[in-house]
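*Asks:* Got a structure for you, questions after.
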Amino acid sequence: MKDLSSTSSSSRHARNSLIYPKKRPSPHGVSKSHKSPLLSQNVMRKSPRSAKAALIVQRQQLRRDGVILEDEYREDIRCYMHEMENYTMSSTQSMDQQPEIRWHMRPCLVDFLVEIHFSFRLRPETLYLTLNIVDRYVSRRIVFIKHYQLVGCAALWIAAKFEDAKDRVPTVQDLVQMCHDAYEESAFIQMEGHVLSTIQWTLGHPTAEAWLRLMCCGPCMEEPKVQHVARFLMEITLFYREFVKYAPSSIALAALTLARFLCGKPARVWEETDECLEIVDLLDTRLAKHVNDLSETLVKKYSYAFYSKAATFVVQYYLQGGKFIRITTPALPVTPTRSVTMSAVSTPMSCSTSISDGSDDFPLTPVTPALHPPSSDYDDKENRPTTFEPVYNKHRIDSPPEQFLPHDFVTFSRPALHSLNVSSSPRAYS
């Protein structure tokens, strides 16, 4: 007799094997599903690195073709940045009233912050935002000398949290070590909260670096060397009082204007303003007379090859007696205007003849003899024989100002940049 149970089980096993084919066990203990051949042929999985590289290539291609991604909102962005930079400006008059802090201490603090900023490889915007936070805090609060460095470190900590990636933000232990244990960890945390409450948590300050990137990525793409020289010049303005009162947009435009001149590029005359040229004159005068007094940390930072050796280029230019020469646009010829007074005589040349037709500025206008009645005492004033003298140029050409004449400003006696001024360090004021 045939066993029905064995027959049914064998048929069920065969049917299941046809529907659910037996899978090969994975050596790792987890069975992997088979991919569809159609999916593997048409869809290629990209790693995050390759996807990012493809996106960068796409953006570069768009910029090469003159297409800006945010072109539709460019003007709105610029208007908002101008509004914010006016709202987040500091006051030099209030900073002048500090009882203990003096302006000669500022280069020491900025030099210290530049060194920390460069050692942690923070973004360029972080440094400018740090100084803006310091200036706004000093404009509203009385700061003692022993707390000046603490305010700078707290501002750098706030700016790094706002601008940089999380893994690059210095920790409290790093700041304590940078200050040589002059302050405790709780002092940085307490000062951070006090600074934020003083500036009302307003951190959206458009920095000079942001303006420079907007200018260099517009219709005129700047070369890397021009951008590096402009960044070097912008960081010089952080050290001195005369540049604090200017807006970051004007500082960025002035640095770019001077950098293009130093690199032999034509000037972007359509963008230059009076305030921009004023900053250029201040920066050029300081470099021409005090190029030896530049921060050694800043010069060393911009002497590397990945910054196109911008500091070496600028220092050598001014040590050789270089000077910025303002390029004035040639005056356009002025068209003489005619008077609106109508003459009694009509000529074939025009329906109206002005009184100024008889002057030396215009050629003589022919008249119709038939229109004048014969008279013995008639004096033909228009056709009176005169000598026509052509007017070449009526604009008075002034002699160039004395400060633009070539003469010796500095001598070739720059000392070696190897010894740091330890006594002028802001640590002495802590």
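Cβ atoms are placed via backbone N, Cα and C, with glycine included.
Pasting the relevant annotations from TrEMBL:
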- 1-11: compositional bias 'Low complexity' (COMPBIAS)
- 21-35: compositional bias 'Basic residues' (COMPBIAS)
- 111-197: domain 'Cyclin-like' (DOMAIN)
- 206-316: domain 'Cyclin C-terminal' (DOMAIN)
- 210-296: domain 'Cyclin-like' (DOMAIN)
- 1-44: region 'Disordered' (REGION)
- 356-386: region 'Disordered' (REGION)
*Asks:* If you average pLDDT over the domain 'Cyclin C-terminal' (206-316), what do you get?
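*Replies:* For the domain 'Cyclin C-terminal' (206-316), the model's average pLDDT rounds to 90.
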*Asks:* Residue counts in helix (H, G, I), strand (E, B) and coil for the domain 'Cyclin-like' (111-197), per DSSP?
*Replies:* 68 helix, 0 strand, 19 coil
*Asks:* Helix, strand, coil: count each for the residues of the domain 'Cyclin-like' (210-296), based on DSSP.
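*Replies:* Its residues divide into 65 helix, 0 strand, 22 coil.
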